[in-house]
Amino acid sequence: MNLHEYQAKELLAGYGLPVQGGILAHNGEEAAAAYDKLGGKFAVVKAQVHAGGRGKAGGVKVVKSREEAKEVAESLIGTNLVTYQTDANGQPVNSVLVCEDMYPVQTELYLGAVVDRSTRRITFMASTEGGVEIEKVAAETPEKIFKVTVDPLVGLQPCQAREVAFQLGLKDKQINEFVKLMTGAYKAFVENDFALFEVNPLAVRENGALACVDGKIGIDSNALYRLPKIAELRDKSQENERELKASEFDLNYVALEGNIGCMVNGAGLAMATMDIIKLKGGQPANFLDVGGGATKDRVVEAFKLILEDKSVQGVLINIFGGIVRCDMIAEAIVAAVKEINVDVPVVVRLEGNNAELGAKILNESGLKLTSADGLNDAAEKIVAAVNA
C-alpha cells in the first residue's frame, strides 16, 4: 500500500524528521488560503497521486500569488495525471499539497531504504545526486550511490549513519542532524513495516539545515492487519478498480496492457504463461493467480474480473491440479461462461489432479471452450484465436 506525499511527511515528522511544511487543499479556495498561511514569497503546489514523475507531467507548479495557487489547484484537482509511472489513464488528483518556500538550497541529496531480499535485511541508499530518479543515477553513475545494510539484531548504528553523512559531504552540526534523521527513518521503517522509503530530494538549505522536500513510502500490505492507523490512510481511488476488487476475493491480479486474459493457479506458472504468450506473438492483458486453494466462487469471480477489461479478446486458463482439483475448476469455468455469456474465445489447459475428469466436463458442457494439450499448444491456440 502506498502513501501520499502529505501522509508520508506527517508520518516521518512524527519520528523527528525535518520535513518541508505544507497544507493539504481539496479545492482552489483552500489552496489560496494555504498560500496565505504559509506566508512565503512563493509556494509549490503538488498534485497528490501515487506516482513518481509528477514534475515532468505538470503535477508540480511554483506559484507566486494566492490567485495563482488557486488557479493551479483548480487546474489539477478533478483531473487525471499521467506520468511515466502510470498507465495511459493516469491517476486521479483529488487534492494538492501547498508547500512552503524552501529555495534556493545549497544542494540536493537522496536517501532511501528497501528490504533487500538477497541479504534479508533493510538496506539504506544515499547519494549526492538528489532531485533526479535514483534509477537514472544507478544506470549512469552507480559509484555515486552509497549503501548501508542494517543488521536486524542490533539495528542501525550511529557510526553507520555518520559514515553516510561523511560520504554525502555533510559537516559539523549537519552530521548529528543527519544521524538523527536516518535513525528516525529506520525506526519508522521497522515500526510501520515499510517496503519502501524514499526522500528525494533531501535538501541542504542555505542556513545548512536539512529538510525532506519530498517523501515516498510503501507499506507491506501483508502487515496492515497489525497497523490499523496506517490502514486507514489507504486511498482506494489511486488503485486499479479491478485490482481492488480482486483483493476482496483474495485473488492476485495485476492489470497489463495486452488483449489475452490469463487465469492461472500459482505465481510462477502465471509468469511462465505470460512469457509463452509473448513468445508466441501475443500480449497478456493481466497477471491473475487464483491461488493453490482456489474455490469455485473465486474462479467465477476471477473470470468476471478478466472480462471486465474491455480490451480482452481471448482468455487462456492454465491450471495445474495439485491442491486444487481440475474437475472443480472445470465446473467453475462452465458456470462462469454460462453466467457471464462469454463472447470471446476461451482456451483451457488442465494438468494434474483430476485433469481427465475436468476435460470431460468441459467437452460435455456444449460451450465453445477449446482444450489444449500442454502449455505450448494452449498459447498457440489462444494467439491464433485472437488474431483470427
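All residue numbers here begin at 1 and follow the chain in the order shown.
The backbone N, Cα and C atoms fix where each Cβ goes, and this holds for glycine too.
The ATP binding site annotation in Swiss-Prot covers LYS46, GLY53, ARG54, GLY55, GLU100, TYR103, GLU108 and is backed by sequence analysis. The number of other CB atoms found within 10 A of the CB of GLU100 (ATP binding site), across every protein chain shown, is 18.
Secondary structure at ASN200 (Mg(2+) binding site), as computed by DSSP, is strand. The Cβ of ASN200 (Mg(2+) binding site) lies under 8 Å from the Cβ of TYR110, LEU111, GLY112, GLY130, GLY131, ILE134, ASP214, LYS216, each of which sits 6+ residues away along the same chain. The Mg(2+) binding site feature in Swiss-Prot is assigned to ASN200, ASP214; the stated evidence is sequence analysis.
If you look up Swiss-Prot, you'll see ASN265, GLY322, ILE323, VAL324 marked as substrate binding site. In the three-state DSSP scheme, GLY322 (substrate binding site) falls into the coil class.
Residues or ranges marked as domain 'ATP-grasp' in Swiss-Prot: 9-245.
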Q. At the level of the C-alpha atoms, what whole-angstrom distance separates VAL324 (substrate binding site) and GLY53 (ATP binding site)?
A. 42
Q: Name the one residue among ASN265, GLY322, ILE323 whose Cα is closest in three-dimensional space to that of GLY53 (ATP binding site); these are the binding-site residues.
A: ASN265
(Q) So if I draw a 10 Å sphere around the Cβ of ASP214 (Mg(2+) binding site), how many other Cβ atoms end up inside it? (A) 23
Q. Same-chain residues six or more away whose CB lies under 8 A from the CB of TYR103 (ATP binding site)?
A. none
Q: Ten-angstrom check, please: count other Cβ atoms within 10 Å of the Cβ of GLU108 (ATP binding site), all chains counted.
A: 18
